[in-house]
Amino acid sequence: MARKKIALIGAGQIGGTLAHLAGLKELGDVVLFDIADGVPQGKGLDIAESAPVDGFDAKYSGASDYSAIAGADVVIVTAGVPRKPGMSRDDLIGINLKVMEAVGTGIKTHAPNAFVICITNPLDAMVWALQKFSGLDPKKIVGMAGVLDSARFRHFLAEEFSVSVEDVTAFVLGGHGDDMVPLVRYSTVAGIPLPDLVKMGWTTQEKLDAMVERTRKGGGEIVNLLKTGSAFYAPAASAIAMAESYLKDKKRVLPCAAYLTGQYGVDGLFIGVPIVIGENGVERIVEVAFSAEEKAMFDKSVNSVKGLVEACKGINAALA
């Protein structure tokens, strides 16, 4: 049986962490690509030299030529500039749009059948542009956002309740920005919805609202602490969960930025919604019912993404 091939575009902090996790989880062989020659080769060699200690047999290679990603089963894109303190994800749009054009061309030429996961910010606009530049089937390209945002929410909830994170489910939809939509009534501890836990006296509505707000600002909190870049452990773990569901046909239900064709009243945009990821890529888009308040929050989030997509079209006429 041929081993799967995982191509990582961008060998920065997230790229290196992705490469390590892919090996530890035995997902396949890894090629790291980066325009900074030497960096992908060095990180690949370093991780390969950890394999005898950790007991995994993934093969690692590094490259600065897109031909190295040929035939990849999964491509995970982290290339671009990260946020610095004081920046929003949206401030990155001009620089990272140019990066998506180069990456999209590389994927189109060398790995047109891959399942592609985009992590580059501003996420919802970059995955939209990457699909346009690569010409990929929209079912084969998603953005990593909701898995990370939900994980942050789950962490805060587990800490508040002093319970295992495994027993906490959380639901964060919408764009990957400050207008994201953490859905409290669909989030649970051991199947008990959060509003019920408030009634049971486990927490207060004020504390719950504060955790929702902290989730929205979760990326910025880490940017402000690190001062030199943005989060990478949790984003990498989130993308690996998505890749694993595809490679192993697990059919996990995960919130991801997926291409909508009328669902949720949205057409032609990538927005964070629950999807089923299996061997065919995005196999189902799960449409949940919103309350009036949730719908208003979701629509606001969609409008933010629309604005970013329009900005992309303004920068690059080929996208219009």
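Glycine is treated like the rest: Cβ placed from N, Cα and C.
Matching Asp34, Asp37, Asp73 to the NAD(+) binding residues that Swiss-Prot gives (Gly10, Ala11, Gly12, Gln13, Ile14, Gly15, Asn96, Ile119, Thr120, Asn121) identifies Asp34. Within 8 A of the CB centroid of the substrate site residues Arg83, Arg89, Asn121, Arg152, the other residues of that chain are Pro122, Leu123, His176, Gly177, Gly219, Gly220, Val223, Ser230, Ala231.
Least packed by the Cβ count within 10 Å, out of the binding-site residues Gly10, Gly12, is Gly12. Taking only the Cα positions, the spacing between Asp34 (NAD(+) binding site) and Arg83 (substrate binding site) is 19 angstrom.
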